[in-house]
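Worksheet: one structure, shown below.
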Amino acid sequence: PSPAPSAGGGSAAGGSWPGTGGPTPANLVRHQRTHLGVGPFSCPQCGKCFGHEDDLARHLPCHARERPFACADCGKCFKWKNNLVVHRRSHTGELPFPCPECGKRFSQKSHLVTHAPVHTGERPFPCAQCGKRFRQKSHLVAHALVHSGERPYPCPDCGRHFIRKTNLIRHQRVHAGGPGAPPPPGGPGGPPADAV
């Protein structure tokens, strides 16, 4: 199996980096430090280490309460300008990242990268318990709950617990009488009114 695609579009094993002939040794070392949490620049707030001063500078605002970048449409505020740029696409409908295989468009590059295995059939994330393979790490994490027996999503109305949040949301329609809820007694498709 080939390595998992990275957010940058190359491979996790250090394959091609977009727009370059490959990583330089210095950039590779800097990148590896992000995974190791080592480097000469440490955050005075939390102690997290960074391999480059610019990386520390980008990290520091996460400790600040200020969110200086406000959306003109809805007022939601962000710590980083790039997060505002991505958020604005929810208002404009802009989808600047097309899939070269099928043409489907995405608002974020990371969403395109996540979509790509649909075409390759690649499933780089195996379950250590049963061997089942997944296209996305998040799907593997959700699947692991099947083996652990953990059901972290409780229904606030009846206390029933669910493995997936989507299953809880679907279940809550029963309490709300929405789509997917059983028909009311005496109603069309429901049990007779006197049967309750």
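For all residues, glycine too, the Cβ spot is worked out from N, Cα and C.
As given in TrEMBL:
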COMPBIAS  7-22  compositional bias 'Gly residues'
COMPBIAS  180-196  compositional bias 'Pro residues'
DOMAIN    41-68  domain 'C2H2-type'
DOMAIN    69-96  domain 'C2H2-type'
DOMAIN    97-124  domain 'C2H2-type'
DOMAIN    125-152  domain 'C2H2-type'
DOMAIN    153-180  domain 'C2H2-type'
REGION    1-28  region 'Disordered'
REGION    174-196  region 'Disordered'
Q: Could you tell me what the rest of the chain brings near the domain 'C2H2-type' (125-152), counting residues at least six beyond its ends with Cβ under 8 Å?
A: 4, 114, 117-118, 161-164
**Q.** Mean per-residue pLDDT computed across the domain 'C2H2-type' (97-124)
**A.** 93
Q. Do you know the DSSP helix, strand and coil residue counts for the domain 'C2H2-type' (41-68)?
A. 11 helix, 4 strand, 13 coil
